[in-house]
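Some notes on the structure that comes next.
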Amino acid sequence: MYVSYLLDKDVSMYPSSVRHSGGLNLAPQNFVSPPQYPDYGGYHVAAAAAAAANLDSAQSPGPSWPAAYGAPLREDWNGYAPGGAAAAANAVAHGLNGGSPAAAMGYSSPADYHPHHHPHHHPHHPAAAPSCASGLLQTLNPGPPGPAATAAAEQLSPGGQRRNLCEWMRKPAQQSLGSQVKTRTKDKYRVVYTDHQRLELEKEFHYSRYITIRRKAELAATLGLSERQVKIWFQNRRAKERKINKKKLQQQQQQQPPQPPPPPPQPPQPQPGPLRSVPEPLSPVSSLQASVPGSVPGVLGPTGGVLNPTVTQ
């Protein structure tokens, strides 16, 4: 393996105190060789240098790599292309001399590395994404953008034109209310009748409010109109007549004074009938006198007889 070769090549590179401290056995035969990867134009050289640097940092108590590195530039990414073998070799040499290959290559972390970088122009290059993100951030944050964001948006936008939002994020333009609302007058044409046509139609309307099918065909052929136009004219004329009659009725009701309501009907009273003579009942004395013939009216005696009246002189 290439790592074993580097360890056996230069023994003076690693201090003996560190190499043999703690009874650590780091013989080359104890290491398991990793699987070989296909050649990607200098990528295996960088991987071997990184493995050697990790081994060196594990054995020596030297200072570790810094936690954060500066943001890589777009020009530095060209070293990972197939044509960047020279830059990778320089990074390996820098790592063998005690430096950090990652710092020499100029990237902060392995996550920032893009192994499938294409140098030629591609229609779906990820460089177009920051323009959409910058436009979205400007929409969420209404404050003035910083100079760095403005410069990045102008640099990444194609043709030097600044794009605030992506096409699929743009809000559709609202049409004006006048263009959305349509009336019948604008959609359909309006027929203008001549004086002769109106006169003949008025004559027919006064003769009959509802025209027959036969008369409608004859009138349409005479006036040079279609049957549909004649039918619609009669419909409009009847609506106009109803409107005129309603207006006249309202005017008459306003001119006449309001009449008081009639009194409610009273229930019928019973009428008195014709007077009839009722016979008076007879007294007991008169009935007795009437029953005795030749008797003189008088008073009954104690014996039950009739007392004759006495005449005094």
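Cβ from N, Cα, C; glycine included.
Your range for region 'Interaction with DNA', going by Swiss-Prot and the list 93-123, 155-185, 186-216, is 186-216.
Residue ranges 140-152, 231-243, 283-295 are listed, and Swiss-Prot annotates 283-295 among them as motif '4S motif'. With a cut-off of 8 Å between Cβ atoms, the residues of this chain six or more beyond the region 'Interaction with 5-mCpG DNA' (228-242) that come close are 191, 193, 201-202, 205, 209-211, 216, 219-220.
Secondary structure counts, DSSP: the region 'Interaction with 5-mCpG DNA' (228-242) has 15 helix, 0 strand, 0 coil.
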